[in-house]
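For reference, the structure discussed in these notes is given below.
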Amino acid sequence: MIPNSSSSSILSLLVLLLFSTSSSWATNSIHEDFLNCLSIYKSSFPIPIYTSKNSSFNTLFRSSARNLRFLSPNSTQKPEFIITPTLESHVQTTVVCSKKHGLDLKVRSGGHDVEGLSYVSDSPYVMIDLVDFRNITVNVKNATAWIQAGSSLGEVYYKVGNESKNTLGFPAGFCPTVGVGGHISGGGFGSLVRKYGLASDQVIDARIVTVNGEILNKETMGKDLYWAIRGGGANNFGVLLSWKVKLVPVTPIVTVATIDRTLEQGATNLVHKWQFVADRLHEDVYIGLTMVTANTSRAGEKTVVAQFSFLFLGNTDRLLQIMEESFPELGLKRNDTTEMSWVESHVYFYRRGQPIEFLWDRDHLTKSFLKVKSDYVREPISKLGLEGIWKRYVGGDSPAMLWTPFGGRMNQISEFESPYPHRAGNIYNIMYVGNWLNENESEKQLNWMRSFYSYMGRYVSKNPRSAYLNYKDLDLGVNDNNVSEYIRYLKARSWGRKYFKNNFEKLVKVKSMVDPDNFFKNKQSIPPIRSWGKELEAINIVI
């Protein structure tokens, strides 16, 4: 990626805008003031802007918002403006003008924020939609890439695989429509997590717009902010423009497989054994586990289906040998496996049977009402415990659990290396997914999810019960803006330490330095304490 040459040239003008008074525009409303503020650059740097007067406004707003819970006409306040930047200067100007005229700012890269925090607000707001901010520049020789924040994971996978002739990859999530900006800034893991760690572990540079409209990179932002955006949620500190990442070696041919087992076929014993194997296998082997429910042959009776999904960086012969040595009970056979490229494996896991070009399709995802929760498991669950889980699980309406094994590279990285702390000692992550199509079922579905999550508490991490930032869950707690900043911080620790453990206080420190007035905020954003030094010292918290 080549940095935008206009960025530094307009910075001084942006600073003047930020600190000048709104009366200079001689307008009668914040709406007009904001438009006038943007219009200064219209002739030289046209800023794509949409208001409710545009016929495409509603379509654009809903286009990449994935969760119908936050698209109800009665529950969602729409933005005053939608900005679709194509230049870095567009983002700079939008940040400065939004702050100047008292408008909240939301930034949407892929729309997969499961609590809608990237595209809804309780206050008048501007939304930056990065749908047209998607340049990807791959350097095969150096095994690096500059990726703009609006790019989807599928676009990254396709381009990296195509340009490297299937010799390079990027370790990140399974869903190809997820936006890179938010995914990497929260950690990001998928089928290469055991081999290479998180997506955020591959970051070697970044560009971000600060609250004052300045563009910073790794060298100019300083080590604390650079640390914070790689797993602490970049939207807490600014608007992430682009990442520079390391690309990782992958074998030209990988092996994939999927095996389904019901309770009647011995799933309980296999899931129990999986807990002792999946995080200890050779790091080239990934075996993810998905649990769903299915009807049995008996009317009204359900069972649990455990689906074991394999990715192996190598050929079938070697995978069969490893499985025979480590997990023969699963019974993996040659005809269960398929050899393909690493890029093709992403189509296989997500929408089997589609052509590889499917990874470029950002619009295929069916919208639904959605609730997600998460856990980390540090001790294997007993067979008796699993049986208790199944009894409650079949009471849900088509729930899903995704168990992602760790170990390997994840055990080798310190929990303080980045804000993401869930490293050595965690056997696997659990993602709980509730998915429904009828809004009238929302209360029932949410109550079941919360009840099941409560039951699972006995089997998962404790003190704190940890959670994954990219699976945001407002049930864990929200910011209280009606109290002092110190009390707000104390309340935020209830959920902040679940996501970040002992890294939460350092994130508060960074937030307090770079955004002391809390412009970049949402219901679960990092709270600043402008006088954090004295107050944290008073309760003997060492940052």
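A Cβ is built for glycine as well, from the same backbone N, Cα and C atoms used for every other residue.
Here the candidates are CYS37, CYS175, and Swiss-Prot names CYS37 as the disulfide partner of CYS97. A sphere of 10 angstroms centred on the C-beta of CYS37 (disulfide bond) encloses 23 other C-beta atoms. Look at CYS37 (disulfide bond): DSSP puts it in a helix. In sequence order, no residues are near ASN482 (N-linked glycosylation site), counting only same-chain partners six or more apart with C-beta under 8 A. As a whole-number mean, the pLDDT of the domain 'FAD-binding PCMH-type' (75-250) in this prediction is 97. In the three-state DSSP reading, ASN162 (N-linked glycosylation site) counts as helix. Put simply, of the glycosylation sites ASN54, ASN135, ASN295, ASN335, ASN440, the one whose Cα is nearest the Cα of CYS97 (disulfide bond) is ASN54. Between ASN135 (N-linked glycosylation site) and ASN162 (N-linked glycosylation site), the C-alpha separation comes to 15 Å.
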